[in-house]
Amino acid sequence: AAGMHRQLSKKTDAHEDSVWTVDWTKGTNCIVTGGVDGKVKVWDPEDLKLKTVLHDDYLAVTSVSSSADGKYVASSSMDGNICVFDIATGKKVLSISAGTVNVWTVAYSPLGDSLATGTHAGNINTWDLKTGKMIESYQTGGNFTLSVTYSPDGSMFAGSTHDGVVSVFNAGKLLYKVSGHKEPVRSMDFSPDSGSLLTASNDKHLRLFEMKKGQQVGLLSGHRSWVLDVAFNPAGSTCVSSSSDKKIRLWDLNTKEAIHTIDSHTDQVWSVAFDESGKKLASVSDDGSLVTNEIIAQSIK
């Protein structure tokens, strides 16, 4: 399947150390990265020129998540700080101190009114973006929430834990616990129509669940090590995953088969993100680099 991608740009030293998280904003078309060096950086996708450094005085940045309109980005860092930045001005518009090591992951609500964060105790906390106050704390029943994500329609959010528990909440109540993974689930993504959920785990597999009954409808196997991140393409027809095996894989969600592998990194690939068109992909790695690839047309059905 050669020729299904073309590397556009590579920034070899995007951060001084491992880069753990990447997001590609909608509307404003920026790439945002966070790293072990404690910096959150905003890049121009065309040439990977650095536009702004949003902050650089905290411990490692574990997660970044942008608003649906691409105007704001939230970050979480190991010192327990949750920050929200205005991407255009670079100004911090909200800072929440949730307590040391109490925020591993952050997700920006598609409705734009709240954030969800995952804690070491296995909870999911939601925060009011106007006041910075906690709205609610949800128990997942697992330990150490590694990932939180909202459905694009804003009706659901999910949290996944170190012991493989995936909990889906709707209107503040537990809707499903979906199982299958026996090892940490490091990432999840809802489909664009909010009807499905993909999960990525240390067990080397991705699982696809439908959200009407919470049933597993697919198993995606092919990575040789931990699967660290997963993202649906905007059409919902394919997804991309990244792994400790240093590879990025593109999957056809109809056949559940891997259709392409991208070797852009020399170390584990922590995070991947599609642009709004689904034709381009950003990825970040322990090797310190940020890479953009173009996915060539035949893979986008």
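Cβ from N, Cα, C; glycine included.
Summarising the annotation, TrEMBL assigns repeat 'WD' to 12-44 (among others). When Cβ-Cβ distances below 8 Å are used as the criterion, the repeat 'WD' (12-44) is approached by residues 50-66, 68-71, 73, 75, 77, 83, 85, 87-88, 90, 267, 270-276, 280, 282-290, 292 of the same chain, each at least six residues removed from its ends.
Away from its own ends, the repeat 'WD' (54-95) comes close to residues 20-23, 25-30, 32-42, 101-108, 110-112, 115, 117, 127, 129, 132 of its chain (Cβ-Cβ under 8 Å, at least six residues beyond either end). Annotation source TrEMBL lists repeat 'WD' at 54-95 (among others).
Residues 62-69, 72-84, 143-154, 157, 159, 161-162, 165, 167, 169, 172 of the same chain sit 6 or more residues outside the repeat 'WD' (96-137) yet have a Cβ under 8 Å from a Cβ within it. Residues or ranges marked as repeat 'WD' in TrEMBL: 96-137 (among others).
Look at TrEMBL and you will find 178-219 (among others) tagged as repeat 'WD'. Long-range contacts of the repeat 'WD' (178-219) within the same chain: residues 146-147, 149-153, 155-156, 158, 160-166, 168, 225-232, 234-236, 239, 241, 243, 251, 253, 256, each at least 6 residues beyond the stretch ends and with a Cβ under 8 Å from a Cβ of the stretch.
Annotation source TrEMBL lists repeat 'WD' at 220-261 (among others). The predicted model assigns the repeat 'WD' (220-261) a mean pLDDT of 96.
Sorting each residue of the repeat 'WD' (262-290) by its DSSP state yields 0 helix, 14 strand, 15 coil. The repeat 'WD' annotation in TrEMBL covers 262-290 (among others).
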Secondary structure composition of the repeat 'WD' (220-261) [DSSP: H/G/I, E/B, coil]: 0 helix, 24 strand, 18 coil
